[in-house]
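To start, the structure itself, in structure tokens.
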Amino acid sequence: MSSEKPDQVETLRRDLLKACNTLSNVNLFQAAKWCAEALNGLPEPKPETADLQPEMLILDEDALLDQNKYLLAKAYFNCKEFDRAAHILKNCKTGDALFLRLYSILISVDKRATEETDGSINIGSDVVDDMNNRLSKIIQESENYLTKSKPNSFLYYLNGVIYNKKKKYALAQSNLYNSLKLFPYNWSAWQELISSLITFEEAINFITKVKAAKSSLSSSIMFQFFEVVVLQEFYQQSSSLFDSLNHLITIFPSFTFLKVQQFLISYHSLDYFQAESTFDQILVDDPLRLDDLDTYSNMLYVMEKRSKLSFLAQFASMIDKFRPETCCIIANYHSMRSEHEKAIMYYKRALTLNKNCLSAWTLMGHEFVELKNSHAAIESYRRAVDTNPKDFRAWYGLGQAYEVLDMHLYALYYYQRATNLQPLDKRMWQALGNCYEKIDKLEEAVKSFEKALTINSAEPHICYRLALISEKLGDVKETYKYMKLCFEQELDWGVNDETSKARLWLARNSLESRRFEEAYELAKDLSHSNAHDIEEARSIAREARNRMSKN
Amino acid sequence: MVQNQKTPSQHNSTLFISPMINSRRQNLFVTPPNPAAQTLFDSPGSNRSSFFNLERGNVNDDTTSNSNIPPAAEPLTPAEKLRLWRHDALMQHQYKTAEFIGDKVLALTDDPNDAFWLAQVYFNSGNYLRAKSLLTSKPEFEKSVSCRYLAAYCLIKLELWDEALDLVGESNPFRKDDKYQVRSTDGGIKLEASICYLRGLIYANQNNFEKAKESYKEAILVDVKCYEAFTELISNNLMTPREEWDFITTLNYRDADDNDELIKLLYTSRLSKYLNVSKLYEAEHILTEEYDLGDNCDILLSKADYLYVQCNFDECLSICEQILRKDQYNFDIIPNYLSCLHELGGKNKLFLKAHQLAENHPTNPMTWLAIGTYYLSISKIAEARKFFSKATLLNPNFGQAWIGFAHTFAAEGEHEQAISAYAFAARLFPGTHLPNLFLGMQHLQMNNLNLSEEYLAASYQICNSDPLLLNELGVINFHKNNFAKAEMFFQEALGAAKYLNSDSKTWISIHANLGHVYRRGNQPNKALQCFNQVLKISNKNDSNILAAIGLINLKLGNYFKAIDVLHDALAISPSDPVASDLLRRALESNKNNGNSFIRSNGEKLLELNLPTLQYRQKQSRKDGSLQGQQTVVSAQNSKFMTPLTNKTRILRKGSGVLQPIEKDTDDTHEAFYIAHELKKGNESSDEDDEAIMDIESD
């Protein structure tokens, strides 16, 4: 568009190339992958500018000294001998070497914890203690280095990762922020940063803070990515979000990541048809991509596209059977066929492959609910909110499970958490209202249901509930108002149980207040209800007619 | 040399009466070339000692003994030759030869010194009874100081303490004769000092530790070279740290001749690490720089001890391993090594070391200490106890083993037995504060606050810088509701811990306790700060701490936070009654707080999400296909919103769970769980203490 744009793209290309090399040099594979994908997502370079030489990493004195050992350690690391890699780097001086060493230790600790807990469900406290112990040591060492020597972006990143694991989110944020200030192209760090932001408020505050600081970071293209993903993850939709997303897409026309963001945004706004077509396009561009395919399969499940989901399951298991995404897809497939045990088995497999697989815990919880195993469901949901406290479905599921167990106080708390995450979802407010009603907090219940009504157009059953509660509270006026409102929904929603009941109530009410005509009108058309109600309606109609004729 | 004759024999060492006394002027320690370059005797090389250099026999005087070694020019007398033969045989551990020849020499000369040397032979071959009877067979033998010394030693070996004490006398008989210090001329250890040492040994075995301490001190005062007495004093902690430091300055290092500086430094490096860290550091520095002893095991040992006292177990372990690499069979380092491994959870290495020891030194009590420690660290208490008790059987004065033994009882909560075992250890180690500290802790657990305070005070007298001790004192004051005092102690403990540069469990439990004090003292924010510190440092999430944080948040009205934290607490220990009770209350409060949730949260969140809401409404208005969207929503419901509520099983009994149990006043209730909690906090600190103590005891 603008004249400077090609120039900007070229700078970006160079930066990304360099960043990619740096990231692979410290074995941050996922971040390197992201960077390389972004690099390839840029428009094709013009031939005359294509002579970009990859800049060699410039080594300082210490790095040269460490180089041989560093290479050896990297080789060990790549051969998955993490402890050995860490051992080799014992006396190295550079920050990168220290990072690789601590990173190897981290991976080895994690690996051991996974192996010793064999699988996903049980975690012995010994193992956790031991793990925490070693994590603290890693942090100590890296913080020592950072205070004594020059700052290193990757060490900050590592600190952030560990603090996230320990749920010290404020510390994690400051470390990650430091890391990104030094080296913004580390997408893994951005991701950790996103996962350390628990509430939307917090996220917004963080973004405004960074913007206010006016560092180079806030103007960097990576920050735009960050903002888009944050808004997406907190289920936000606004024109500014679409603007920035479109802006990014013009810069990176063929970057799958951005398309996935588009898909997720449509998915979150329940615009499934749009979402589906977006993802179909992604699959055409990059057919063997498994990332985010599990989310796609969730959507297909909800859309009840059975054949497509079956195809997807087959297809994914052909690409790689042992990816957590594949397992989730297969589990969804089994769930769709009501084979819940099998679905659970696959979710478990997914979790064994990656215990932080975000959606698997929640979905497994749903399966347990299907099997009426509330305790197992609670356990799953709990793990889900433990790994990702932003998952409102898991909070909601917890609320439901506790409701089944008649533990309404617990349910209330979990619904509140869910509502905090999804204040725009009327189901949350409805559940909250139910809960308040159960524990005899009728006023709060009314308020919750009213909130639900304000979010969307009035739904008859909410109106009906409100009317019933008002009746309990003895507030005739309110009751009448809501009954009326409920009855009026017949136009939009057609005749159903709630509207019929409202109609009956209104008829009865009119009869009592001697408005016989109205009563007759209301009662005579009642046809959709149980026999008893219809009988009553008839008698009301009869009586109203009698009275009318008498008058 | 002239002085030799004047010096009473107690100022000499046995070097003085050794057959070679005057032949070792210059080249004593040089091993002679094997085939002699220069021969004294007719048959070259054949009759020459491999150990002592005879050619240097520049004998020009008669010593008090009548070992007349002729000048080199003169041929040796037959008796003289036999003596050399005997001596060499002894040095080469050919006891039969030595015995045979020694017997003949004695028969020829009837000299007390020859009796002494023959007794030496018996002693070396383990025949203490025979040695003793030889040495006491004739009155003139008994007159010789050296003979008396050896006889007493034999009696000690035979564990005949009273007889041994008779022989050496209850106090030093020479003390009164000469106040002045006489330097021994021969560079050996004065027999007077050695006898004092024996006296100390006897007293120690008679459990008379005060006298033992005096005797050992006297031994070192008489001759600073009597390291045996020094090490007994130090390793058994017979003196308090301050006494140790005072004592070391009163010593007379002149006896060590040119080495006085070195000896002083070496002794200094052995002293208690609780005091005068700078001096220790200086000594170590000089020893490393000037004497190039940085790699010497004893210096490393001192360093390890220091690190150990600092609770810097990682470093300490690496030093221990360094020492063991140099000297695999070093026994001095083993207690530290075991403790570090125990502390750091090196079960596998403990296993290996215990096995190695059991294979190589089955009779050494240290072996059984190692085995006991191993069992303790895999929490097999019964086995651990068995092996600790075996160690104490092998050496009744083995304080570490006694403490380990006591720990096994403490671990099972058998306070009475633990107390009696600790009390025994306290008698063995009068100079350390640890046994008293343990006793105080046991009494604290039994709620004997006054007794406990007494013990802790006694412990405080000995060492006032131990963070653990200060922590316990703080806990006591907490229990007595002296919050100001408790806070003071905890602050002091923190200061000490910081000074000791440790970030260990100690540090954490002090912080946690300080947090509890603030909590009780109505300083919730300070308390939260402390607890958060703990959580930041702590390796394991402690449900007790989390419960305390929950309680504070509950008090402050942060119900959400409280519920969250309490859930975490219950996730760690699901059956924690305090946490679940608090959670119940928090949920209850949350219920009553519903209004504010809806008002504040609801409004705020709606505001935050306003753009989205507007956007959505715009969108929906635009496409107007509300109906379509609705169907999708309901479809989604089927998966994500399973309508469980419709199938609610009617379980009325469940409501009982959530009902407030009774309406008693909040205060009493709270007092209940605070007490409960504190007890727990206390327990946890105790456990920490024990773990650490354990190490120290080892």
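Note: Cβ is positioned from N, Cα and C throughout, glycine not excepted.
According to TrEMBL, the protein carries these features:
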type	residues	note
COMPBIAS	B:684-698	compositional bias 'Acidic residues'
REGION	B:678-698	region 'Disordered'
REPEAT	B:193-226	repeat 'TPR'
REPEAT	B:365-398	repeat 'TPR'
REPEAT	B:399-432	repeat 'TPR'
REPEAT	B:508-541	repeat 'TPR'
REPEAT	B:543-576	repeat 'TPR'
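Residues 207, 209-210, 213, 236-241, 243-244, 335, 365, 368-369, 372-373, 376, 379, 381-382, 384-385, 388-389, 391-392, 438-439, 441-443, 445-446, 462-463, 690, 693-694, 697-698 of the same chain sit 6 or more residues outside the repeat 'TPR' (B:399-432) yet have a Cβ under 8 Å from a Cβ within it. Within the repeat 'TPR' (B:508-541), the DSSP-based counts of helix, strand and coil residues read 27 helix, 0 strand, 7 coil. Residues 10, 13, 145, 148-149, 152-153, 156, 159, 161, 164-165, 168-172, 175, 184, 232-233, 236, 238-239, 247, 250-253, 255-256, 263, 267, 397, 427-428, 430 of the same chain, all 6+ positions outside the repeat 'TPR' (B:193-226), place their C-beta atoms under 8 angstroms from a C-beta of that stretch. The repeat 'TPR' (B:365-398): residue composition by secondary structure is 27 helix, 0 strand, 7 coil, according to DSSP.
Residue counts of the repeat 'TPR' (B:543-576) by helix, strand and coil are 28 helix, 0 strand, 6 coil (DSSP-based). Counting residue by residue with DSSP, the repeat 'TPR' (B:399-432) contains 27 helix, 0 strand, 7 coil.
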